[in-house]
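*Asks:* Structure provided below as structure tokens; questions to follow.
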Amino acid sequence: MSWPYRFVDLSKEEVQIRRQTLDRYGSYAQYSALTPIIIALLFRLGAYLSQRWQSGGSYAAVPGSPELKTRRHTWSHSWDATIKKWKWWLADDVYFMGQHWGQKDQWVFGLAWAAWLLVLSVLETGDDYLHLTKRFGIIAVSQIPFQYLLALKSFSPIAKAFRTSHEELNKWHRVLSRVTLSLLVLHAVFYLNFFVAKGIVQKRLFAPVVFAGVVAFATMNMMTSTAASTVRRYSYRVFFITHLIGAFAIPVLVFFHAKSARLFMVKAIIVFLIDLTVRRLRTIQALSKVETIPGTNLIKISASIPQHKVNAFHTRPGSHIYLSVPAAARPGAGPTSPDAMLFEFLFNPFTVASVDEDNGSLTLVARQLDGPLTRHLGRFANAGTGIEDGKVPLCIEGPYGAASLHFDKLTGSSVDRFLLVAGGVGATFTVPIYHAILQDNPSAKVELVWSVHGASDATWATAADKSVSKSVLDDPNVRVFLTGEALNSDSTGPMAGLPSETNAEGEMEMSSLQRDRRRNRLTSESSRKRPDLRKIVDDFFRQGAEERVAVLVCGPAEMGREVREHVGAWVMKGRDVVWHNEAFGW
């Protein structure tokens, strides 16, 4: 089959018809992006009506009751279990040559959406090569406003429609970005081929209108390249600054590049500016006490916040904030110095470890790493000084978090048992949720497993929440394990404070912790080796075959993958599981 497209000469009337067709299909592409939102809203309505109907004719069966066992053999339960298995499979990670390539649902729905946009790109193009070339461009730019919508943090109508948080939507932002860029690659390659065939490369490529498109295309490629995990791990600032500049530049460049794309670009820049404005209004400046946690490389930040913010954080345990340093607390000779200007682009996420309603403060616990923000905070903590009365002004934006957004569902009657797994400072996510679950329902079946490097790394949790009567380390349903990776002889340093069982090579037996009140210190119990996550998960699920369980994880990526693998085996057996893995990848 020969190539169907050719260069054709059109009359003015035919050019006008082509223009109208291009605009029409651009609108089709943009409005069709509303379809998932409409489906989500209809699904929510259907689920609500179904719940109302079922609540009127049945009761919530007790786990293990004959009624519940009978329901398991009905066709509706079987269908429901199959859907849940498919949902779990779609959320699995994809690895290729040792690299993470997103989740399966991103590939399935991303390829489906790309196929749909390709169909819209070729319909009614006839044999007109330039029509096809222009169609790739108009279909691509029609998706840019939705890219901006999916990237919103504080003001996201899509997040409200799907009842989720910006972290969950961000992966679809990345998918749509790749689909859009692929169409733009076709647009650019086809146009370049046209210029070469006509012998007008130099004349057209550097014409102002065309060159604006070339720069916009290069900018989008730069944004996609810096979004790679290797670049983000090397320097998150490069990724962030490139995206910030590109988000401003692309709509302006495309606006001058193509008159037909102007409406799309105006929508995109309006969305972007609204988000910046709302985030600025939601950001508060809080005087904060910054101090080190002895024997660790952890920093404890106690920030005084307004009462309305205290209430917002208190109702959303497990939430996180974005922390930035205002001009008054920045290093450098002045606000325009390079050292100070660097902090204009630093907004680090931190999980809220606790909220104190009595004194109107929230507590953050962060590990000092090589980044400029935690390093700068570490200087204040180590010096024991501040800007005002020994305190440091810090900017706090939040609360955010998908898990905290649905906390009311977790504590409802739909979940019978909870397993919380944390690694290191990931306990700043799980400990508040643990306390909140028990505060809402003291008889709740909840277990917390926490793996830390050393004993000192767990001390912050002893007084994290003053609203509870006892320390989390005194709770028999909490198991804290020491992974001990340093010698205990050092009185300072990131891994100081390990028990005396540590050997000369820095190795030690895995230990559960308990509070020894006679010596008022943490001591080790006779638990050996690294926590057996498979055994922990299996024992947890065996406790109630009919129970609906929730598993929440916050820790290293390897921990999240391992726990998910073990939980997945039970999902495939038909268990009903609420799953959440808290991670900051973007």
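Yeah, the Cβs are placed from backbone N, Cα and C, and that goes for glycine too.
Straight from TrEMBL, here's the annotation block:
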- 271-406: domain 'FAD-binding FR-type' (DOMAIN)
- 490-528: region 'Disordered' (REGION)
- 28-49: transmembrane segment (TRANSMEM)
- 107-123: transmembrane segment (TRANSMEM)
- 135-155: transmembrane segment (TRANSMEM)
- 175-193: transmembrane segment (TRANSMEM)
- 205-224: transmembrane segment (TRANSMEM)
- 236-255: transmembrane segment (TRANSMEM)
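I'd like to know what surrounds each of these features in this structure.
*Replies:* Using a Cβ-Cβ cut-off under 8 Å and counting only residues 6 or more beyond its ends in the same chain, the transmembrane segment (28-49) has close neighbours at 116-117, 120, 138-139, 142-143, 145-146, 158, 161-163, 264.
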*Asks:* As a test: from 107-123, 135-155, 175-193, 236-255, pick the stretch that has the greatest number of Cβ pairs under 8 Å with the transmembrane segment (205-224).
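*Replies:* It is 236-255, which has the most Cβ pairs under 8 Å.
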*Asks:* Against which stretches of its own chain does the transmembrane segment (175-193) lie, if we need a Cβ under 8 Å and a gap of at least six residues from its ends?
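*Replies:* Apart from its flanks, the transmembrane segment (175-193) reaches 102, 106, 109-110, 113-114, 117-118, 121, 129, 132-134, 136-137, 139-141, 143-144, 146-147, 150, 201, 205, 214, 217, 220-221, 223-224, 227.
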*Asks:* Can you tell me which parts of the same chain pack against the transmembrane segment (107-123), counting only residues 6+ beyond its ends and a CB-CB cutoff under 8 A?
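*Replies:* 25, 28-29, 32, 90, 94, 101, 132, 135-136, 139, 143, 175-176, 178-179, 182-183, 186.
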*Asks:* Can you work out which residues elsewhere in the same chain, 6+ from the ends of the transmembrane segment (236-255), have a Cβ less than 8 Å from its Cβ atoms?
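*Replies:* Sequence-distant neighbours of the transmembrane segment (236-255): 141, 144, 148, 151, 212-213, 215-216, 219-220, 222-223, 226-227, 261-262, 264-266, 268-269, 272, 342, 345-347, 371-372.
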*Asks:* Count up the helix, strand and coil residues in the domain 'FAD-binding FR-type' (271-406) according to DSSP, in that order.
*Replies:* 47 helix, 48 strand, 41 coil
*Asks:* Summarise the model's confidence over the domain 'FAD-binding FR-type' (271-406) as a mean pLDDT value.
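*Replies:* Across the residues of the domain 'FAD-binding FR-type' (271-406) the model's pLDDT averages 87 on the 0 to 100 scale.
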